[in-house]
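Database features (TrEMBL):
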- 356-488: domain 'GGDEF' (DOMAIN)
- 31-53: transmembrane segment (TRANSMEM)
- 59-81: transmembrane segment (TRANSMEM)
- 88-106: transmembrane segment (TRANSMEM)
- 112-134: transmembrane segment (TRANSMEM)
- 146-169: transmembrane segment (TRANSMEM)
- 189-208: transmembrane segment (TRANSMEM)
- 229-247: transmembrane segment (TRANSMEM)
- 281-301: transmembrane segment (TRANSMEM)
Amino acid sequence: MLPLATPDALLRPAIMTPWQLWHMISRRERCILFGGWLFSLLLSLGLGVLSVADNWSGMPLQFGGVTVYITVYPALLISLWWSLCLGWWWGAVQGYLTTLALALYAGMVWQWAALFAFADPLGVAVMVLGFRALPMLRGLRSMDSVLHFVQLSFVGSIFSSSGALIWTYCNNQPFSELLPIWQGWWLGFFLQNLFLVGPVLSQSWPATDRWLSRHLALQPAGEAESRHLIVLLLVLVSVGALVYGYLSLSLGSSLLLGQLQHGLPPQIHHAAMVMTQTGWVFFWVFALLVLFNAFFAYRLFLHWQGRNQQLLDALQQSNAHLAQLVRLDGLTGLLNRRSGDEVLQQEWLRSQRSGQQAVLIMLDIDHFKQVNDEYGHDVGDQVIVQVAMLLQEHLRLHDTAIRYGGEEFLLVLPDSTLENATLLAETLRQQMAARLVHASQADIMVTLSLGVASASLLMADKAAWLKQADMALYQAKRAGRNRVVVAG
Ligand SMILES: Nc1nc2c(ncn2[C@@H]2O[C@H](COP(=O)(O)OP(=O)(O)OP(=O)(O)O)[C@@H](O)[C@H]2O)c(=O)[nH]1
């Protein structure tokens, strides 16, 4: 079976958890990698404390008619980088520990903090899954990969924004105030992904990729695994879109209802405007998602189609190769007896149909048993190969040489005369008698006996034609070998 060509883009590093990788790399690399990981954990914690203390999560931005307060959370960005480069665990553990520590530091009860800390690893998981489902290059150097990254960032941000719901619930914030907090949360994740993680990933990916290829075995993406992951991804994308739509509309409506309860007409007007604009934003995001899904489905179709074509090509190649092998004799490369018989039958029928003469030369190496006995089987094989080469040197385009038995050959010469064929047989005899076969102990000379028979309309079938050639060969042997006998 010929190996399948696997395009690089379909290769992905084997998944390695931190503890698996620990055993695979040198001591020095372990220090660098795990030291770097610990350092970035501390960096995450430090930046996280700063973000809470300095209240970074409050950059106001107008979005969909609402002033949202963009969440800036460096720990999430660092954890995302690790997860996208090395695998989910690498960033998830770090992100979880950092968020947990910060939530406890901010006074959240530990049960809620434990749940709250899952939000970011959840968003990161969606992104990592997306990159496994469609193994796009993470260097983000092509339009495809950038679009993929944008879409995954959006879906990831929706999942990670579940943290906002827990946060507001724990802080007893009224439901009607949740919209700007939630929007700031997911939009913060999304924008930071696009403008910080994306560029850093793109810059660091070539070196990371080189390191991964040196250390981890690249595996072709399994068909079934890819299919399952893609289906899962599409489900998550759809759930993300639904959650986004539901939260936008329900939080927007509760904001509107809240304002209505206060009975302030100008604010009612404003809230109604917000509601409308949010509806529009929802519409456009939804439309984008549909387009992205179509893009996904298109990529998927191309991917599977390409894969199937590759398999079919490889199958055809190996079938052709096998068919060739079945027809040929392994030692000489001439046609073997089975396929030789088919050619013989075809030429017999053609000569019977057209009345054109066809001639058969049957030849046999003289005293070949002695060659084997004296010089060994390997030398015997060399002699057989030499005879085959001699035959091929004299063949016309439409002639056929067949290894018919151990040291017995057939030449089928369509559209030839008995005279020409006899001349050819004589040439072969002389040239073989003059040729030296180089064996390790000595140079050997062998001779050939040849029987020539032309197909006649009087013959009953091809077996009769073959028998004539065989009898002529027998006579040549009987008459002392190293000669040509013409049948009839
Ligand atoms: N080396 C080698 N020997 C083979 C092969 N096929 C058959 N032989 C040998 O060819 C020999 C044929 O011997 P015989 O049929 O007695 O014929 P011969 O010795 O050539 O004698 P004549 O045909 O009467 O001249 C046998 O010893 C077979 O073992 C092969 O593929 N390689």
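Just so it is clear, glycine is given a Cβ too, placed from its N, Cα and C backbone atoms.
Curation plays no part in TrEMBL annotations; they are all automatic predictions.
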Original post:
Across the domain 'GGDEF' (356-488), what is the average pLDDT of the model, as a whole number?
Top reply: 92
**OP:** Grab the same-chain neighbours of the transmembrane segment (229-247) for me: Cβ-Cβ under 8 Å, and only residues 6 or more beyond its ends, written as numbers and ranges.
**Re:** 126, 129-130, 132-134, 151, 154-155, 158-159, 182, 186, 282, 285-286, 289, 292-293, 296, 300
Original post:
Short question: which residues 6 or more past the ends of the transmembrane segment (281-301) have a Cβ under 8 Å from it?
Top reply: 63-64, 134, 144, 147, 151, 154, 230, 233-234, 237, 241, 244-245, 248-249
